[in-house]
Amino acid sequence: MQCARSSAGDCHSCGWLSLAYSEQINQKQHNLLDLLPKNYAFTQLAPVESQQVKFRNKAKMVVSGSVEKPILGLRKPEGEGVDLCQCPLYPASFEPVFPILKTFIAKAGLVPYNVERRRGELKFILLTESRHNHSMMLRFVLRSEKKLAQLRQALPWLQAQLPQLAVISVNIQPVHMAILEGEQEIVLTEKTFLDEYFNEIPLHIRPKGFFQTNPDVAASLYATAGHWVKELQINRLWDLFCGSGGFGLHCAQKNTELTGIEISPEAIECARLSANELGLEHVEFQALDSTGFALAKESVPELVLVNPPRRGIGETLCDYLNSMKPRFILYSSCNAQTMAKDIQQLSHYRIDRVQLFDMFPHTAHYEVLTLLVLQQS
(Lines of atoms letter the chains of each structure in order from A and count residues from 1; the text may use other names and numbers.)
(Lines give C-alpha, C1' and ligand atoms only; values in the text may rest on other atoms or scores of the structure.)
Protein backbone atom coordinates (compact mmCIF):
# COMPACT_ATOMS: atom_id res chain seq x y z
CA MET A 1 0.00 0.00 0.00
CA GLN A 2 1.25 3.47 -0.91
CA CYS A 3 0.44 6.36 1.43
CA ALA A 4 1.73 9.89 0.85
CA ARG A 5 1.07 10.95 4.45
CA SER A 6 3.02 8.01 5.84
CA SER A 7 5.90 8.58 3.40
CA ALA A 8 6.06 12.24 4.44
CA GLY A 9 6.14 11.30 8.12
CA ASP A 10 2.84 13.07 8.80
CA CYS A 11 0.91 9.98 9.95
CA HIS A 12 2.27 7.01 11.89
CA SER A 13 -0.94 5.00 12.29
CA CYS A 14 0.21 2.26 9.92
CA GLY A 15 3.51 1.44 11.59
CA TRP A 16 4.12 -1.72 9.53
CA LEU A 17 3.54 -0.17 6.12
CA SER A 18 7.16 -0.76 5.12
CA LEU A 19 6.70 -4.54 5.54
CA ALA A 20 5.33 -6.69 2.73
CA TYR A 21 1.87 -7.91 3.66
CA SER A 22 2.97 -11.56 3.71
CA GLU A 23 5.70 -10.61 6.20
CA GLN A 24 3.17 -8.76 8.37
CA ILE A 25 1.08 -11.94 8.58
CA ASN A 26 4.14 -14.09 9.33
CA GLN A 27 5.26 -11.81 12.16
CA LYS A 28 1.79 -11.70 13.70
CA GLN A 29 1.46 -15.48 13.55
CA HIS A 30 4.89 -15.94 15.15
CA ASN A 31 3.99 -13.42 17.86
CA LEU A 32 0.77 -15.30 18.63
CA LEU A 33 2.37 -18.73 18.78
CA ASP A 34 5.23 -17.45 20.95
CA LEU A 35 2.64 -16.44 23.57
CA LEU A 36 0.79 -19.76 23.69
CA PRO A 37 1.65 -22.94 25.65
CA LYS A 38 4.45 -25.15 24.30
CA ASN A 39 3.80 -28.25 26.42
CA TYR A 40 1.05 -29.75 24.24
CA ALA A 41 -0.08 -29.71 20.62
CA PHE A 42 -3.12 -27.87 19.28
CA THR A 43 -4.51 -27.08 15.85
CA GLN A 44 -3.10 -23.90 14.29
CA LEU A 45 -5.44 -22.77 11.54
CA ALA A 46 -4.22 -20.51 8.73
CA PRO A 47 -4.56 -16.77 9.43
CA VAL A 48 -7.51 -14.96 7.85
CA GLU A 49 -6.08 -12.13 5.77
CA SER A 50 -7.59 -8.72 5.06
CA GLN A 51 -7.86 -6.44 2.10
CA GLN A 52 -4.87 -4.10 2.25
CA VAL A 53 -6.73 -0.92 1.26
CA LYS A 54 -10.27 0.49 1.63
CA PHE A 55 -11.20 -2.02 4.33
CA ARG A 56 -12.35 0.34 7.08
CA ASN A 57 -16.01 1.22 7.62
CA LYS A 58 -15.26 4.11 9.99
CA ALA A 59 -13.31 7.38 9.96
CA LYS A 60 -12.33 9.16 13.17
CA MET A 61 -11.28 12.67 12.17
CA VAL A 62 -9.80 15.30 14.46
CA VAL A 63 -11.05 18.71 13.32
CA SER A 64 -8.49 21.52 13.28
CA GLY A 65 -7.73 24.58 11.15
CA SER A 66 -10.30 27.37 10.92
CA VAL A 67 -14.06 27.45 10.50
CA GLU A 68 -13.57 28.70 6.92
CA LYS A 69 -10.90 26.09 6.11
CA PRO A 70 -11.30 23.12 8.45
CA ILE A 71 -8.81 20.26 8.39
CA LEU A 72 -10.13 16.73 8.92
CA GLY A 73 -7.56 14.16 10.00
CA LEU A 74 -5.14 14.24 12.90
CA ARG A 75 -3.22 16.74 14.94
CA LYS A 76 0.55 16.45 15.26
CA PRO A 77 2.07 16.71 18.77
CA GLU A 78 3.19 20.26 17.99
CA GLY A 79 -0.41 21.18 17.11
CA GLU A 80 -0.34 21.21 13.31
CA GLY A 81 -3.36 19.65 11.59
CA VAL A 82 -2.87 16.94 8.95
CA ASP A 83 -5.60 16.27 6.36
CA LEU A 84 -6.39 12.55 6.04
CA CYS A 85 -9.35 12.74 3.67
CA GLN A 86 -7.37 10.74 1.10
CA CYS A 87 -6.44 7.97 3.56
CA PRO A 88 -6.20 4.71 1.54
CA LEU A 89 -7.81 2.73 4.38
CA TYR A 90 -11.19 4.44 3.82
CA PRO A 91 -13.72 3.18 1.26
CA ALA A 92 -14.15 5.13 -1.97
CA SER A 93 -17.61 6.21 -0.79
CA PHE A 94 -16.04 8.45 1.89
CA GLU A 95 -14.07 10.57 -0.58
CA PRO A 96 -16.98 12.75 -1.85
CA VAL A 97 -18.40 13.14 1.67
CA PHE A 98 -15.46 14.94 3.28
CA PRO A 99 -15.51 18.11 1.09
CA ILE A 100 -19.23 18.53 1.77
CA LEU A 101 -18.62 18.16 5.51
CA LYS A 102 -15.98 20.88 5.33
CA THR A 103 -18.46 23.19 3.63
CA PHE A 104 -21.09 22.34 6.24
CA ILE A 105 -18.71 23.17 9.09
CA ALA A 106 -18.36 26.67 7.64
CA LYS A 107 -22.11 27.03 6.98
CA ALA A 108 -23.01 25.99 10.53
CA GLY A 109 -20.24 28.07 12.11
CA LEU A 110 -18.74 25.07 13.91
CA VAL A 111 -15.42 26.54 15.01
CA PRO A 112 -12.76 23.79 15.32
CA TYR A 113 -11.53 23.29 18.85
CA ASN A 114 -8.08 24.78 19.45
CA VAL A 115 -6.26 22.65 22.03
CA GLU A 116 -3.63 25.26 22.91
CA ARG A 117 -6.12 28.10 23.39
CA ARG A 118 -8.92 25.90 24.73
CA ARG A 119 -11.33 27.67 22.40
CA GLY A 120 -13.72 26.49 19.72
CA GLU A 121 -16.45 23.85 19.68
CA LEU A 122 -15.96 21.10 17.08
CA LYS A 123 -13.50 18.44 18.25
CA PHE A 124 -14.09 15.36 16.08
CA ILE A 125 -16.14 14.07 13.18
CA LEU A 126 -16.94 10.34 13.18
CA LEU A 127 -18.27 8.75 9.98
CA THR A 128 -19.44 5.11 9.75
CA GLU A 129 -20.84 3.22 6.75
CA SER A 130 -23.03 0.13 6.60
CA ARG A 131 -21.71 -2.25 3.95
CA HIS A 132 -25.23 -3.74 3.77
CA ASN A 133 -26.96 -0.73 2.23
CA HIS A 134 -24.18 1.93 2.20
CA SER A 135 -26.12 4.23 4.50
CA MET A 136 -23.97 6.32 6.83
CA MET A 137 -23.88 7.57 10.41
CA LEU A 138 -22.31 10.95 11.14
CA ARG A 139 -21.42 12.14 14.63
CA PHE A 140 -20.22 15.62 15.55
CA VAL A 141 -18.25 15.72 18.81
CA LEU A 142 -18.68 19.18 20.33
CA ARG A 143 -17.31 20.79 23.46
CA SER A 144 -20.76 22.05 24.51
CA GLU A 145 -24.30 22.66 23.25
CA LYS A 146 -23.39 26.25 22.36
CA LYS A 147 -23.51 25.65 18.58
CA LEU A 148 -26.24 23.00 18.61
CA ALA A 149 -29.01 25.35 17.42
CA GLN A 150 -26.85 26.57 14.52
CA LEU A 151 -26.05 22.99 13.58
CA ARG A 152 -29.73 22.02 13.61
CA GLN A 153 -30.61 25.02 11.46
CA ALA A 154 -28.03 24.13 8.80
CA LEU A 155 -28.82 20.39 8.87
CA PRO A 156 -31.40 20.34 6.01
CA TRP A 157 -28.72 21.55 3.60
CA LEU A 158 -26.38 18.74 4.67
CA GLN A 159 -29.11 16.11 4.36
CA ALA A 160 -29.98 17.34 0.87
CA GLN A 161 -26.33 17.10 -0.17
CA LEU A 162 -25.77 13.69 1.45
CA PRO A 163 -29.02 11.68 1.51
CA GLN A 164 -27.02 8.59 2.53
CA LEU A 165 -26.68 10.07 6.04
CA ALA A 166 -29.31 7.94 7.78
CA VAL A 167 -28.18 8.80 11.32
CA ILE A 168 -26.77 12.14 12.48
CA SER A 169 -25.95 12.91 16.09
CA VAL A 170 -24.05 15.28 18.34
CA ASN A 171 -21.88 14.04 21.19
CA ILE A 172 -20.95 16.48 23.96
CA GLN A 173 -17.38 16.09 25.22
CA PRO A 174 -16.61 19.04 27.53
CA VAL A 175 -13.32 17.81 28.98
CA HIS A 176 -9.98 19.27 27.86
CA MET A 177 -8.41 15.85 27.37
CA ALA A 178 -7.72 13.47 24.48
CA ILE A 179 -11.03 11.66 24.97
CA LEU A 180 -12.97 10.79 21.83
CA GLU A 181 -16.49 11.16 23.20
CA GLY A 182 -18.53 12.17 26.24
CA GLU A 183 -21.55 10.70 27.97
CA GLN A 184 -24.26 12.83 26.33
CA GLU A 185 -25.46 11.87 22.82
CA ILE A 186 -28.11 13.92 21.00
CA VAL A 187 -29.58 12.16 17.96
CA LEU A 188 -30.80 14.63 15.33
CA THR A 189 -32.50 12.18 12.95
CA GLU A 190 -35.56 9.99 13.21
CA LYS A 191 -33.46 6.88 12.67
CA THR A 192 -31.15 6.09 15.59
CA PHE A 193 -29.02 3.23 14.23
CA LEU A 194 -27.49 1.80 11.06
CA ASP A 195 -28.63 -1.58 9.78
CA GLU A 196 -25.85 -4.06 9.04
CA TYR A 197 -25.76 -7.74 8.08
CA PHE A 198 -22.96 -10.22 8.72
CA ASN A 199 -23.50 -13.68 7.22
CA GLU A 200 -27.27 -13.01 7.03
CA ILE A 201 -27.34 -12.08 10.73
CA PRO A 202 -28.86 -8.61 11.28
CA LEU A 203 -26.75 -6.35 13.49
CA HIS A 204 -27.22 -2.70 14.34
CA ILE A 205 -24.76 0.16 14.85
CA ARG A 206 -25.74 2.86 17.34
CA PRO A 207 -23.80 6.11 17.79
CA LYS A 208 -22.00 5.08 21.01
CA GLY A 209 -21.93 1.35 20.36
CA PHE A 210 -18.72 -0.54 19.61
CA PHE A 211 -18.52 -2.12 16.17
CA GLN A 212 -15.62 -3.74 14.33
CA THR A 213 -13.98 -1.41 11.80
CA ASN A 214 -12.99 -4.14 9.30
CA PRO A 215 -16.35 -5.69 8.36
CA ASP A 216 -15.03 -8.33 5.94
CA VAL A 217 -12.65 -9.83 8.50
CA ALA A 218 -15.26 -9.41 11.26
CA ALA A 219 -17.71 -11.44 9.16
CA SER A 220 -15.12 -14.23 8.89
CA LEU A 221 -14.47 -14.08 12.64
CA TYR A 222 -18.17 -14.36 13.52
CA ALA A 223 -18.76 -17.11 10.96
CA THR A 224 -15.81 -19.12 12.29
CA ALA A 225 -17.07 -18.83 15.87
CA GLY A 226 -20.49 -20.01 14.74
CA HIS A 227 -19.02 -22.95 12.83
CA TRP A 228 -16.86 -24.09 15.77
CA VAL A 229 -19.76 -23.89 18.22
CA LYS A 230 -22.14 -25.78 15.94
CA GLU A 231 -19.60 -28.64 15.84
CA LEU A 232 -19.78 -28.89 19.64
CA GLN A 233 -23.55 -29.51 19.67
CA ILE A 234 -24.19 -27.57 22.88
CA ASN A 235 -27.60 -26.50 24.20
CA ARG A 236 -26.71 -23.56 26.48
CA LEU A 237 -24.13 -20.81 26.27
CA TRP A 238 -23.18 -17.48 27.79
CA ASP A 239 -21.84 -14.68 25.62
CA LEU A 240 -19.91 -12.44 28.03
CA PHE A 241 -18.75 -8.95 26.95
CA CYS A 242 -21.21 -9.54 24.10
CA GLY A 243 -21.38 -6.04 22.60
CA SER A 244 -24.19 -5.93 20.04
CA GLY A 245 -24.48 -9.72 20.08
CA GLY A 246 -22.44 -10.58 16.99
CA PHE A 247 -20.79 -13.68 18.42
CA GLY A 248 -23.75 -15.11 20.33
CA LEU A 249 -26.21 -14.60 17.48
CA HIS A 250 -23.86 -16.42 15.09
CA CYS A 251 -23.54 -19.31 17.57
CA ALA A 252 -27.19 -19.73 18.59
CA GLN A 253 -29.36 -22.34 16.90
CA LYS A 254 -33.15 -22.10 17.04
CA ASN A 255 -33.38 -23.96 20.36
CA THR A 256 -30.10 -22.79 21.90
CA GLU A 257 -30.41 -21.07 25.28
CA LEU A 258 -28.23 -17.99 24.90
CA THR A 259 -27.57 -15.38 27.58
CA GLY A 260 -25.61 -12.33 26.42
CA ILE A 261 -24.11 -9.88 28.92
CA GLU A 262 -22.70 -6.42 28.14
CA ILE A 263 -22.27 -3.33 30.32
CA SER A 264 -23.55 -0.94 27.61
CA PRO A 265 -27.37 -0.54 27.53
CA GLU A 266 -27.10 0.80 23.95
CA ALA A 267 -25.36 -2.36 22.76
CA ILE A 268 -27.87 -4.58 24.55
CA GLU A 269 -30.75 -2.74 22.89
CA CYS A 270 -29.18 -3.52 19.50
CA ALA A 271 -28.63 -7.18 20.43
CA ARG A 272 -32.26 -7.60 21.53
CA LEU A 273 -33.48 -6.06 18.29
CA SER A 274 -31.36 -8.50 16.26
CA ALA A 275 -32.60 -11.50 18.27
CA ASN A 276 -36.21 -10.44 17.69
CA GLU A 277 -35.60 -10.09 13.95
CA LEU A 278 -34.14 -13.60 13.88
CA GLY A 279 -37.12 -15.01 15.78
CA LEU A 280 -34.91 -16.53 18.49
CA GLU A 281 -37.11 -17.38 21.48
CA HIS A 282 -34.52 -18.68 23.95
CA VAL A 283 -32.20 -15.68 23.87
CA GLU A 284 -31.77 -13.13 26.65
CA PHE A 285 -29.52 -10.06 26.60
CA GLN A 286 -28.87 -8.07 29.78
CA ALA A 287 -27.00 -4.82 30.47
CA LEU A 288 -24.77 -5.97 33.34
CA ASP A 289 -21.13 -6.32 34.29
CA SER A 290 -19.99 -9.64 32.79
CA THR A 291 -17.82 -10.72 35.71
CA GLY A 292 -20.46 -9.74 38.27
CA PHE A 293 -23.14 -11.66 36.35
CA ALA A 294 -21.04 -14.83 36.21
CA LEU A 295 -19.98 -14.77 39.87
CA ALA A 296 -23.61 -14.56 40.96
CA LYS A 297 -24.42 -17.85 39.22
CA GLU A 298 -24.10 -21.23 40.93
CA SER A 299 -24.00 -23.17 37.67
CA VAL A 300 -22.64 -22.59 34.18
CA PRO A 301 -23.70 -23.63 30.67
CA GLU A 302 -21.74 -26.04 28.50
CA LEU A 303 -19.96 -23.20 26.72
CA VAL A 304 -18.88 -19.73 27.84
CA LEU A 305 -17.94 -17.32 25.07
CA VAL A 306 -15.83 -14.31 26.06
CA ASN A 307 -14.85 -11.30 23.97
CA PRO A 308 -13.26 -8.95 26.51
CA PRO A 309 -11.58 -5.57 26.01
CA ARG A 310 -7.79 -5.41 25.71
CA ARG A 311 -7.26 -6.01 29.43
CA GLY A 312 -8.62 -9.59 29.12
CA ILE A 313 -11.18 -11.31 31.35
CA GLY A 314 -9.05 -10.91 34.48
CA GLU A 315 -8.06 -13.05 37.44
CA THR A 316 -11.47 -13.11 39.15
CA LEU A 317 -13.38 -14.42 36.13
CA CYS A 318 -10.56 -16.85 35.28
CA ASP A 319 -10.71 -18.34 38.78
CA TYR A 320 -14.50 -18.62 38.59
CA LEU A 321 -14.48 -20.41 35.22
CA ASN A 322 -11.61 -22.65 36.30
CA SER A 323 -13.59 -23.75 39.35
CA MET A 324 -17.01 -24.05 37.66
CA LYS A 325 -15.57 -25.97 34.69
CA PRO A 326 -17.82 -25.37 31.69
CA ARG A 327 -16.94 -27.94 29.00
CA PHE A 328 -15.77 -25.27 26.56
CA ILE A 329 -14.54 -21.68 26.61
CA LEU A 330 -14.46 -19.79 23.31
CA TYR A 331 -12.12 -16.82 23.74
CA SER A 332 -12.03 -13.98 21.20
CA SER A 333 -9.32 -11.43 21.88
CA CYS A 334 -7.88 -8.22 20.47
CA ASN A 335 -4.84 -8.59 22.75
CA ALA A 336 -3.14 -11.98 22.55
CA GLN A 337 -0.81 -11.08 25.42
CA THR A 338 -3.63 -10.74 27.98
CA MET A 339 -5.43 -13.73 26.46
CA ALA A 340 -2.31 -15.86 26.94
CA LYS A 341 -2.09 -14.71 30.57
CA ASP A 342 -5.74 -15.66 31.11
CA ILE A 343 -5.23 -19.07 29.46
CA GLN A 344 -2.29 -19.76 31.75
CA GLN A 345 -4.58 -19.15 34.72
CA LEU A 346 -7.28 -21.43 33.26
CA SER A 347 -5.23 -24.45 34.32
CA HIS A 348 -8.06 -26.97 33.84
CA TYR A 349 -8.22 -26.18 30.12
CA ARG A 350 -6.16 -26.92 27.05
CA ILE A 351 -6.22 -25.18 23.69
CA ASP A 352 -8.02 -27.20 21.02
CA ARG A 353 -7.56 -24.78 18.13
CA VAL A 354 -6.53 -21.20 17.45
CA GLN A 355 -6.86 -18.85 14.48
CA LEU A 356 -5.57 -15.33 13.80
CA PHE A 357 -7.76 -12.74 12.07
CA ASP A 358 -5.94 -9.75 10.58
CA MET A 359 -8.43 -7.08 11.57
CA PHE A 360 -5.80 -4.30 11.55
CA PRO A 361 -3.46 -4.53 8.53
CA HIS A 362 -0.21 -2.53 8.53
CA THR A 363 -0.09 -2.56 12.35
CA ALA A 364 1.12 -5.04 14.97
CA HIS A 365 -2.46 -5.62 16.16
CA TYR A 366 -4.74 -8.55 15.31
CA GLU A 367 -7.74 -10.52 16.60
CA VAL A 368 -7.49 -14.15 17.65
CA LEU A 369 -10.09 -16.84 18.26
CA THR A 370 -9.21 -19.71 20.60
CA LEU A 371 -11.26 -22.75 21.60
CA LEU A 372 -10.43 -24.09 25.07
CA VAL A 373 -11.56 -27.56 26.13
CA LEU A 374 -11.88 -28.82 29.71
CA GLN A 375 -9.23 -31.44 30.45
CA GLN A 376 -10.50 -34.72 31.79
CA SER A 377 -9.27 -35.46 35.31
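Every residue, even glycine, has its Cβ placed from backbone N, Cα and C.
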Annotated companion of CYS3, CYS11, CYS14 at the [4Fe-4S] cluster site, Swiss-Prot, chosen from CYS87, CYS242: CYS87
Swiss-Prot annotation, S-adenosyl-L-methionine site containing GLN212, GLU262, ASN307 - matching residue among PHE193, PHE241, PHE328, PHE357: PHE241
Other same-chain residues whose Cβ falls within 8 Å of the Cβ centroid of GLN212, PHE241, GLU262, ASN307, the recorded S-adenosyl-L-methionine site, in sequence order: PHE210, CYS242, GLY243, SER244, GLY246, PHE247, ALA267, PRO308, SER332
C-beta crowding around CYS87 ([4Fe-4S] cluster binding site), within 10 angstroms: 24
Residues close to [4Fe-4S] cluster site centre defined by CYS3, CYS11, CYS14, CYS87, Cβ within 8 Å: ARG5, SER6, SER13, LEU17, LEU84, PRO88, LEU89, HIS362
Nearest of the recorded positions (CYS3, CYS11, CYS87, CYS334) to PHE241 (S-adenosyl-L-methionine binding site) - Cα to Cα: CYS334
Cβ contacts of GLU262 (S-adenosyl-L-methionine binding site) (under 8 Å, same chain, 6 or more positions away): PHE241, CYS242, GLY243, SER244, ILE268, ALA271, PHE285, GLN286, ALA287, LEU288, SER290
Residues near CYS3 ([4Fe-4S] cluster binding site) in space but at least six apart in sequence (CB under 8 A): CYS11, CYS14, LEU17, CYS87, PRO88
